[in-house]
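The structure under discussion appears below in the form of structure tokens.
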Amino acid sequence: MKILVTGGAGFIGSAVVRHIINNTQDSVVNVDKLTYAGNLESLAEISDSERYSFENADICDAEGDGLYFGQHQLDAVMHLAAESHVDRSITGPAAFIETNIVGTYVLLEAARNYWSGLDDEKKKNFRFHHISTDEVYGDLPHPDEVNSNETLQLFTETTAYAPSSPYSASKASSDHLVRAWKRTYGLPTIVSNCSNNYGPYHFPEKLIPLVILNALEGKALPIYGKGDQIRDWLYVEDHARALYTVVTEGKAGETYNIGGHNEKKNIDVVFTICDLLDEIVPKEKSYREQITYVADRPGHDRRYAIDADKISRELGWKPQETFESGIRKTVEWYLANTNWVENVKSGAYQSWIEQNYEGRQ
């Protein structure tokens, strides 16, 4: 099987590529624009494989997209290329509209044109797997907002869309496009929506790597509001396994929610990281003393939580990592891979961190 992975140099994309090359006999064509969060160092361990090839390209380039399909005789697409940071979408939404909506449209058209020329058997087996987020659903009631005897709601595959940021709105739009191409043209598409990912090779603008690295450098650990926002945390290698299961075994036209069964308040995640660092690299004062509370993000969703029963029941996937095991592996990875960290911390990244957090004191 030959799979086109878009955004394969990003955090989740690189985990998918590593999983496919290391654990299957399938081949990967990785198409990535290499924006600030794309890093080929994350693929160093598999880059010499004969089953792996890389194209430095933009999915918004219709001519290029069509070329890759024809050249490589693809059996499936795993579409992960996206602008994905909520804070960046608030200060600069245009890039999110261009990549997440227009880019998805261009890729869908390239896939449809290629698929329409396949023989019947290959048409039937072809898959266009669009990887999305649980943020398209909006947010859920917080435990502080409901009676103690009430059952807390979870996002299911039939939850109505209610995106609340430019990022989630752009992903919701792309989800609708993918489903429309299935219904209108018959293109065999699948959508998956995941909870918050964490793990090795995570670009340090996101909460967990930001906290780990700031703590080690003696910097403030910025927490939005009171830190009581709740997220369901999914170890990235568990997610990569799930995505491969979906593209190879999932049913065309279906949606699969993928979650880690690990609901945690943001502040508790930060406490856990600080306590692990106190254990592994102790210093005179606890890392918790570096925690700083900053003004909350506009429109910050209160709670996300995934019901992953469908993918477990129909495809047999379950996460292997608990949050406790996964976060320890993550902290240990960052401690052992300081060269990777230094190489991704460019001047552009540093200026963005200063712009985003210094104004929130």
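Glycine is no exception: its Cβ is also placed from the backbone N, Cα and C atoms.
Feature annotations, courtesy of Swiss-Prot:
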type	residues	note
ACT_SITE	Asp134	active site, proton donor
ACT_SITE	Glu135	active site, proton acceptor
ACT_SITE	Tyr167	active site, proton acceptor
BINDING	11-12, 32-35, 58-59, 80-84, Thr99, 167-171, Asn197	NAD(+) binding site
BINDING	Ser84, Thr133, Asn196, 206-207, 222-224, Arg231, Asn266, 296-300	substrate binding site
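Feature map: annotations from Swiss-Prot on the structure.
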{"residue": "Phe11", "record": "NAD(+) binding site", "Cβ within 10 Å": "24"}
{"residue": "Lys33", "record": "NAD(+) binding site", "Cβ within 10 Å": "19"}
{"residue": "Asp58", "record": "NAD(+) binding site", "Cβ within 10 Å": "18"}
{"residue": "Ala81", "record": "NAD(+) binding site", "Cβ within 10 Å": "28"}
{"residue": "Ser84", "record": "NAD(+) binding site", "Cβ within 10 Å": "25"}
{"residue": "Asp134", "record": "active site, proton donor", "Cβ within 10 Å": "27"}
{"residue": "Tyr167", "record": "active site, proton acceptor", "Cβ within 10 Å": "24"}
{"residue": "Lys171", "record": "NAD(+) binding site", "Cβ within 10 Å": "29"}
{"residue": "Asn196", "record": "substrate binding site", "Cβ within 10 Å": "22"}
{"residue": "Pro298", "record": "substrate binding site", "Cβ within 10 Å": "10"}
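Within 10 Å of Tyr167 (active site, proton acceptor), counting C-alpha to C-alpha distances, fall the following of the recorded positions Ser84, Asp134, Glu135, Asn196: Ser84, Glu135. Checking each of the recorded positions (Glu135, Ile223, Arg231, Asp296, Pro298, His300) against Lys171 (NAD(+) binding site), the C-alpha distance stays within 10 Å for Glu135. For the recorded positions Glu135, Asp296, the ranking by surrounding Cβ atoms (within 10 Å, all protein chains) places Glu135 first. Taken residue by residue with DSSP, His300 (substrate binding site) is part of neither helix nor strand, so it is coil. Cα spacing between Phe11 (NAD(+) binding site) and the residue listed as 'active site, proton donor': 17 Å, rounded to the nearest whole number. In this structure, the C-alpha atom of Lys33 (NAD(+) binding site) lies 31 angstrom from that of Asp296 (substrate binding site). Under the three-state DSSP scheme, Asn196 (substrate binding site) falls in the strand class. Of all the binding-site residues listed here (Arg231, His300), the one with the fewest other CB atoms within 10 A of its own CB is His300.
The Cβ of Ser168 (NAD(+) binding site) lies under 8 Å from the Cβ of Val86, Thr133, Glu135, Val136, Gly138, each on the same chain and at least six residues away in sequence. A C-beta separation below 8 Å, combined with a sequence spacing of at least six in one chain, links Leu207 (substrate binding site) to Asn266, Val269, Val270. Neighbour density for Ile223 (substrate binding site): within 10 A of its CB lie 20 other CB atoms from the protein chains shown.
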